[in-house]
Amino acid sequence: MKDISEKILSEIKELRELIDKYNYFYYAKDESIISDYEYDMLTKKLEKYEKEYPELINEFSPTQLVGKLDKNSKFKKVEHKVPMLSLANTYGINDIKNFNDRVLKIIERDNIEYVLELKLDGLSISLNYENGKLKRGVTRGDGKIGEDVTENILQINSIPKYLKENINIEVRGEVILPLDKFKKINKERIEKGQEVFANPRNAAAGTLRQLDSKIVKERELDCYVYYLVNSENYNLEKHSQSLEYMKKLGFKVNDNYKIVNNIFEITDFIKEWEEKRKELNYETDGLVIKVNEYMFYEELGYTTKSPRWAIAYKFPTTQVTTKLISITYQIGRTGVITPVANLEPVRISGSMVRRATLHNFEEIARKDIRIGDIVFVEKAAEIIPQVVKPVIELRTGEEKEVEMPTICPSCREKLYKDENEVALKCVNNSCPEKLKRKIEYFVSRDAMNIEGLGPKLIERFINEGYIKNICDIYKLEDKFNEISEMENFGIKSIENLLESINKSKTREYNKVLYSLGIPYVGKFLADTLSNYSKNIVFLMQMSKEELLEIDGVGEKVASSVIKFFQDENNREIIEKLKQIGLNFEFLEKDNQDEDLKKLIGKTFLVTGTLKNYKRSELKDIIEKNGGKNVSSVSKKLNYLIVGENPGSKFKKAEVLGIPIINEDEFFKMI
Ligand SMILES: NC(=O)c1ccc[n+]([C@@H]2O[C@H](COP(=O)([O-])OP(=O)(O)OC[C@H]3O[C@@H](n4cnc5c(N)ncnc54)[C@H](O)[C@@H]3O)[C@@H](O)[C@H]2O)c1
Ligand SMILES: [Zn+2]
């Protein structure tokens, strides 16, 4: 026997205790107090130890158990004649290759057919029919014994009460809560002051495992079946045949499955669904890869926990748990203070995350987030990471409540909160941090598009006193000598910067209006307002009622515009910018004759790196010619314009059969 160090023994013990605890919350209380990804990583760590020291494996180790049976639940306990197993899971394509190699080696073949299915994220259920009539629905429990939830199962519309044939049959499937229903329920729970469900899986499990079947009916659960027990009794040779057979009997079977013959088709399917799954009305946490022909099942066999003829591939996670170490306050260009969480670094879908937004202080209070808490952090596609909620169960008592700051961390002036708004604000016009953000916004690509003036340089110019307000950007010329003496700053880059600043004086009125940073006036509204007013003098004189008459302008925007122009400081800056020569009126030449616009009624999406233009420039050209820019590929899209390395939008457009054109082809159109 190998010598096993004390350290490893205690680590194994600790891992088992931890996993047991997470299992208890997950299976008995339908709650997650750690993200699935980290749970899986802990389990894998334990499995690795047990593989190294097999003498330490015992039947109570969580690696040997399928889920957990809540012995104290009020439901009748029922034995499964055929055990309900779990699935081996993996997050890596390499593991799938290994799985495929292992399968081929055992059955001694060069290739094999697989069925690929979506892995629905709900809870599994076993359904028993006698003479075609639904007799019983049982949860998985610990795989051997489950809970009889027949009363609740009867409330799920998609589960047939009678089959199309009078046979005895047992099938297994997943009970899920569709996303629209999930959102609706959570909205109602917030209104009633109840705690919200963390995710659709927990909501589905919590719903099915509660005693009032009336509530189950209201929640509108759904169910897809994916396994036929004892399929040999029905003369079926392949799993795919079982799927079709179950469909014929009246079950709901998920149609997004595919029969494939090699690993390349598997990786294609994974890539395809990594994107496509976001359009579904239910959650999928991965795919399941199953050997299709039943004749291999016996030979491939089973572990104590899962079949060896199947494996689950899990999609990269977007939610993890980590510790909230401290909170810093970020100041926006309008002075809004955003609390930002500093986290113990954690990996989310391939990148390290150290900071996440906490939105505002009302959110912190509502979610009861404290410093030192273990928190769930989520990174959805292209959105800044955000703190979702704390794990109350893991509190030690050392956590500290978050105090709302009273003075601005940058300028030390007193902060201000409007009664009708959630935001806490610094209203000091010469707050350095606020100025920095304002300038960053002013020079950005969609605004004045001044190149070479990045955040670091802006900060240096502010610190040196060269920039005290927006107008000072146009006075940097006078400081040429001083700037050229600054460290790490060459003559050439100063010249380039000054040239870019000068060029910005020709930016159109709508861009200038956008650059002013009026709260709630984004690109689209800046276009609308400039088109309508033609001239800032006119816009500044408009009353709230007049503003509200403009299409697309609501109460919030109108008030914000009025307030912005009432501010002495803003008026002064606009006056100075006018003197500098910025465009504050609409230039008629931009307003081509409507008839000459060739792209009217057509929609475009630009993707990838273009040869001659920036994406934003091409978008402008599209708009000037009457076309419309959209942000995602759908059937309604008329043209996808692609540059190099186009990515997933390209694939999607191809699948949908949307015309794909390059830059040159586009210019031929106009
Ligand atoms: N966050 C936590 O605290 C916590 C605790 C315990 C378990 N978990 C999660 O649950 C997992 C373990 O649960 P599990 O045993 O149910 O495993 P699993 O969810 O990883 O995979 C097996 C299950 O997938 C489901 N499934 C969905 N679609 C399917 C399809 N088309 N074909 C076959 N099965 C399909 C079935 O219910 C099956 O039982 C862990 O890997 C972890 O992600 C999380
Ligand atoms: Zn301030």
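Each Cβ is built from the backbone N, Cα and C atoms, and glycine gets one as well.
Note that the structure is a prediction, hence the values are computed from the model and not measured.
Straight from TrEMBL, the features:
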type	residues	note
ACT_SITE	K119	active site, N6-AMP-lysine intermediate
BINDING	D36, Y37, E38, Y39, D40, S86, L87, E117, R140, E174, K290, K314	NAD(+) binding site
BINDING	C408, C411, C426, C431	Zn(2+) binding site
DOMAIN	594-670	domain 'BRCT'
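Feature annotations (TrEMBL) mapped to structure.
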residue : record                                  : contacts (Cβ under 8 Å, 6+ apart)
D36     : NAD(+) binding site                     : D285, K314, T317, Q319
E38     : NAD(+) binding site                     : V320, T321
D40     : NAD(+) binding site                     : N89, Y91, K314
K119    : active site, N6-AMP-lysine intermediate : T284, D285, G286, L287, V288, A312, Y313, K314
R140    : NAD(+) binding site                     : V66, G67, M84, L123, S124, I125, S126, G146
K290    : NAD(+) binding site                     : Y114, V115, L116, E117, H239, W309, A310
C408    : Zn(2+) binding site                     : I331, I337, K414, L415, C426, N428, C431, E433
C411    : Zn(2+) binding site                     : C426, N428, S430, C431, P432, E433, K434
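D40, L87 are the binding-site residues among E38, D40, L87 whose C-beta comes within less than 6 Å of an atom of ligand 1, given in sequence order. Averaged across the domain 'BRCT' (594-670), pLDDT for the predicted model comes to 84.
By a simple count of nearby Cβ atoms, those within 10 Å, the most crowded of the binding-site residues L87, C426, C431 is C426. A strand conformation is recorded for K290 (NAD(+) binding site) in the three-state DSSP classification.
In this structure, C426 are the recorded positions from D36, D40, L87, K119, C426 whose C-beta falls under 6 Å of some atom of ligand 2. As a summary of secondary structure, the domain 'BRCT' (594-670) carries 29 helix, 15 strand, 33 coil according to DSSP. Spread of the NAD(+) binding residues is 25 Å (greatest Cα-Cα distance among D36, Y37, E38, Y39, D40, S86, L87, E117, R140, E174, K290, K314).
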